[in-house]
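Trainee: Dropping a structure here in structure tokens format, bear with me for questions.
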2 protein chains.
Amino acid sequence: MSASLNGVSLTSVRERDQKDPLANFKRRFALPEGVLYLDGNSLGAQPSTVKQAVDDTLNQWRDELIKGWNQGWFDAPERLGNLLAPVIGAQSGEVCVTDNITLNIFKLLGYILGQCQDDRRAVLSEGGNFPTDGYIAQGFCRVSGTEHRFLPEGANLAEHLEGVAVVVLSQVNYRTGKLRDMAETTKLVHAHGAEVIWDLAHSAGALPIDLNGSGARYAVGCTYKYLNGGPGAPAFLYVHRDYQDGGWQPLSGWHGHTSPFAFDANYTPAGDISRFRTGTHSALIYSALEASLTMWAEVDMQALREKSLAMSDLFRECLSDLFDSHGIKDITPAASERGSQVSLIDKQNGYAIVQALIARGVIGDYREPGLMRFGFTPLYLSFEDVWQAAKHFREVVESGEYQDAQFHVRGAVT
Amino acid sequence: MSASLNGVSLTSVRERDQKDPLANFKRRFALPEGVLYLDGNSLGAQPSTVKQAVDDTLNQWRDELIKGWNQGWFDAPERLGNLLAPVIGAQSGEVCVTDNITLNIFKLLGYILGQCQDDRRAVLSEGGNFPTDGYIAQGFCRVSGTEHRFLPEGANLAEHLEGVAVVVLSQVNYRTGKLRDMAETTKLVHAHGAEVIWDLAHSAGALPIDLNGSGARYAVGCTYKYLNGGPGAPAFLYVHRDYQDGGWQPLSGWHGHTSPFAFDANYTPAGDISRFRTGTHSALIYSALEASLTMWAEVDMQALREKSLAMSDLFRECLSDLFDSHGIKDITPAASERGSQVSLIDKQNGYAIVQALIARGVIGDYREPGLMRFGFTPLYLSFEDVWQAAKHFREVVESGEYQDAQFHVRGAVT
């Protein structure tokens, strides 16, 4: 008789792997032995083409020196933006890969408010969003003399848009994995005369996104989570093509100038998405990301979504009998409102359970207070991986292994 | 009889190489065959330890995945800042390696003006400075409602400080190579009740800098020119230790928070140089730069300065008889007022001469109007390299080789 977890047999998950249309992607990643990695929502795994791509760029630096800037380095932010565009439902010329999310939100706040003629000028940040989105809105508001407000977590957005010029919202919440309906929310915000900047950090590469189809005008996101660009890979910024002639963004550097090599004294923004560039970017990190995005061009996003939901459901199904008896609360949203993660809360033991799992090579992560996050990345996880990870989870909890003192030591957590 | 250029014999320069205390550094760079590289002032050459360092970080990403952030990635901005500090006359804790120069100027403008209590609030940019320094000051002034002014090129600074809160000055001008006296200028600006942000892009790694000894409170600079960090390597930002408790900088992201992993809703800046970080940085590019900065710890900056001046003088000495007869104007400043470059102007033929030299493997660069720039990097150039480059220059000019149509085609120039 096959091994089974809460009635889910190993045989059955192996059968699912046999039929998985995305199964072949796993061999295109360089994955360490003996690790079950459920933290691709923090840092994605390494595509196996990255090493060569980075090495090629190092050789280019060595051999071509300054000439490298005319051989693909300079145009990388737009070229990679065009590679990424289909993955998020955008068109060529609407996406620029540049800087980080924090800085890109600042640019868009300045760009939008610089065009705002009326008295509604407040910036609204989402309570419970990833903190940097609020921090940079606060920084923007301080320097520009703009009012800043927080939308209380769980509040009705429509009731908080009075006097608001811009609201920054995450499509998928980093803690709960809760997915917002982008089309519906965008329509609501626009109907109130405000703009929305979408943060796609936890949705880009995790599920199909239709920026154009949702009426979205502005978005930012990162490439080092589900998009596998490497630690600290550059972020992206999207502006719908009809909203690209709005003047300055405040982080006006020479790469965003309409003629960077004319060396004019005064700044004139580029007429297109390039205006959101700032200063000189690293050629090296663009080459790593380009290797990954080239692979993403082959991914069927609907198949990705189906596998993502099936994996997160499988993980919970293998464990659901355990949750109540051990005081673990499953706050994972329903499928239609879910990103690509499972979120479990155990305020007393969550930290130690995650540490005990890491010691076994099952990598999830922990966020205060009490939140255990497990990310499901359909390109390099198999159904059997998910089942094996659930088996470890069950063993750690049932055996009380997490009670060992070593798993309660608090260190830096990323 | 030895070959000779305007009386400077090849034998004599080979003798100088024999006695050069920095000669051994050249073998620590990966340099292409057949190239004489006089553009280290745009993009430095690759230290031979970089490849292994980057490969190690790629392996760390592959094998350690998210754990890499606790294994040196997260602290890289401060760790590399401390490595860099002695090279620019700063102390540990005064330098943060982060983002790019453009963004770092914006942060310092906001940080300084956020503390400014009186009416003098104008930002003064230097006419003739590298354009991005002025562009970002203009962006800052637009978003913050601050007055922006330009100091006319060549004007007396003391006469333009009325009502000025901050002036942004380059220590070495990117076009002319002209060096400002940092101590004297800082004293002058402070005496007028203003602050100065020094841009060290063309001086860091090019000559000894004494930020502390000069009374400098704020500076930025780049690491991809004389410091060999690689194309688009992260920039640095310096704040004197006595000026680090001044509150917010406006690009307030989670890595600059006093407790980044507490995930507080509200921003509280770190109490030290870390407050100038923004969002997540690339681990990959820090590893390349760290390999270079580790080498810089061994460099005798006085010996570097002597060799730099000797090389730029050698280049001009080999060619000085040619300049007048061919309408070339040598605007290189005197030794005491020089960075590490030779600047020659030929409005008619400058572009074509530089292109003809590049075709021969002698890499300098060109800036409108008419400026030929040749950078001298003492770590990987020998006196013979300089002599050979001068020989090519002489041949290109004397033969009229530059008149070939191919050298007059204008392309993107970086």
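Numbers run from 1 along the shown chain.
Note: Cβ is positioned from N, Cα and C throughout, glycine not excepted.
According to TrEMBL:
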type    : residues                                                                               : note
BINDING : A:I101, A:T102, A:F130, A:P131, A:T132, A:D133, A:D199, A:H202, A:Y224, A:W254, A:T280 : pyridoxal 5'-phosphate binding site
MOD_RES : A:K225                                                                                 : N6-(pyridoxal phosphate)lysine
Trainee: Checking your reading of the structure: which of the binding-site residues A:I101, A:F130, A:D199, A:T280 lie inside a 10 Å Cα sphere centred on A:K225 (N6-(pyridoxal phosphate)lysine)?
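Mentor: Of everything listed, nothing lies within 10 Å of A:K225 (N6-(pyridoxal phosphate)lysine) (Cα to Cα).
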Trainee: For the binding-site residues A:I101, A:F130, A:T132, A:D199, A:Y224, which one has the sparsest Cβ surroundings, going by other Cβ atoms within 10 Å?
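Mentor: Output over binding-site residues A:I101, A:F130, A:T132, A:D199, A:Y224: least Cβ neighbours within 10 Å is A:F130.
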Trainee: Would you mind pulling the DSSP three-state label for A:I101 (pyridoxal 5'-phosphate binding site)?
Mentor: helix
Trainee: Are there residues of the same chain, six or more positions away from A:T280 (pyridoxal 5'-phosphate binding site), whose CB falls under 8 angstroms from its CB, and which are they?
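Mentor: Spatial neighbours, sequence-distant, of A:T280 (pyridoxal 5'-phosphate binding site): A:H255.
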Trainee: Counting every protein chain present, what is the number of Cβ atoms, excluding its own, within 10 Å of the Cβ of the residue listed as 'N6-(pyridoxal phosphate)lysine'?
Mentor: 26
Trainee: Should A:D199 (pyridoxal 5'-phosphate binding site) be counted as helix, strand, or coil on the basis of DSSP?
Mentor: strand
Trainee: Assuming the binding residues for pyridoxal 5'-phosphate are exactly those in the record, A:I101, A:T102, A:F130, A:P131, A:T132, A:D133, A:D199, A:H202, A:Y224, A:W254, A:T280, what is the maximum CA-CA distance in angstrom, rounded?
Mentor: 31
